[in-house]
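The domain 'V-ATPase proteolipid subunit C-like' annotation in TrEMBL covers B:12-69, B:84-143. The transmembrane segment feature in TrEMBL is assigned to B:56-75, B:82-99, B:119-143.
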Amino acid sequence: MAENAYYTLLTSLPHIDSLFNSRITPISRFQLDKRLSMLSTADQQRLVKIESLLHWDQLDDEVEEKALIHQAERTRAELDSQALNDLIDWRLDMRTIVAALRRKHAGQPAPTEPKWSYGSRYEYIRNHWGSATLGLGSAFPWIPKVVECLRNGECIALEKILLQAVWDHLSHMAMKHSHDFEAVVIYVLRWNLVARWTAYDTEKARVRFRSLVETSLGEFRDQLPTGPEA
Amino acid sequence: MEQLIIALGWVGVFAPVALGAVGSAIGCSVAGQAACGAMLDVESGYGKFVGVSAMPSSQVIYGIVIMFTLSALGVSEATSAGLFGIGLLTGVALMYSAIYQGQAVAASINASKNKPEVFGLSIAPAAIVEGFAVFAFVFALVLGQAIV
């Protein structure tokens, strides 16, 4: 379709009301991809790169950190939109912060390698390792809550705080972009958040956890207790 | 020099139509694209989307009326400067109002697609933009009478 199909595309997409109240995604991935085919080839390629960078489920089980950092830098350099670059930086900074907080919680020291993560603040974080909020409490107001959740072992609350922070950031950004490529990216990222939240399933998680434990135990797997309480 | 002044006079006479047509084309295109997109997402109510997407076409109609009014004054060395000033600026005003009205209509379609009960209210911003085009139209007619 034409280069500027944003008006048609964005009005063809159903509104995403809320994150945690959603029970299903407002549109299936199949239908979403069909609608996204209205974009030009270049825009589609840019969107795929952004999605593959920002979503863990696009990654393989075996992830090499250096390759991931390199991929992030390459994707960022290829985008000609300051708003998208800022969004990617913010999102990757968030990951770096959460990774740093987890490492701190596990009692690990500051990383020794200068380029230990991606985003725009990894060096700053390394230099402020001693601070409880990594010196970023005002820029990322959700950090104290994350620290609290890590301390108390509240995994679900932690996940909700992080999802809500991303949702709020995307909602804030959406106010400045209504009918452009950035608006399309924001919609897809919000759709991914809803898809992720609505896909959470206790039973599937239990099966997956058990499968991972069995794989780790290898030949000792038969010694695992059986039954629903296991 | 005289011919240049006369040429500018004709530019002023035709500018409201030409620029109004450019603006209406862009505005209707933007609103029409939004209407087409909305049709993919809703099961009914297509007519109101198509109808409202034609809103930015009024600017070219205003341009046509202004063109006939200005041309009726006659293009001469004495009137050309006035025709050029009023015609060109009115054309620019009509063009921009049509473009931005198209964007306002697109936003209205997007809002009313998700919430049909706000359809009437969501057209208000586009109607306000229309008001500005009407200002330019009416005062071009009024001021045009002062040229001769």
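Along the chain as shown, the residues are counted starting at 1.
Each residue, glycine too, has its Cβ placed from N, Cα and C.
Per DSSP, the domain 'V-ATPase proteolipid subunit C-like' (B:12-69) is made up of 53 helix, 0 strand, 5 coil.
When pLDDT values are averaged over the domain 'V-ATPase proteolipid subunit C-like' (B:12-69), the model yields 94.
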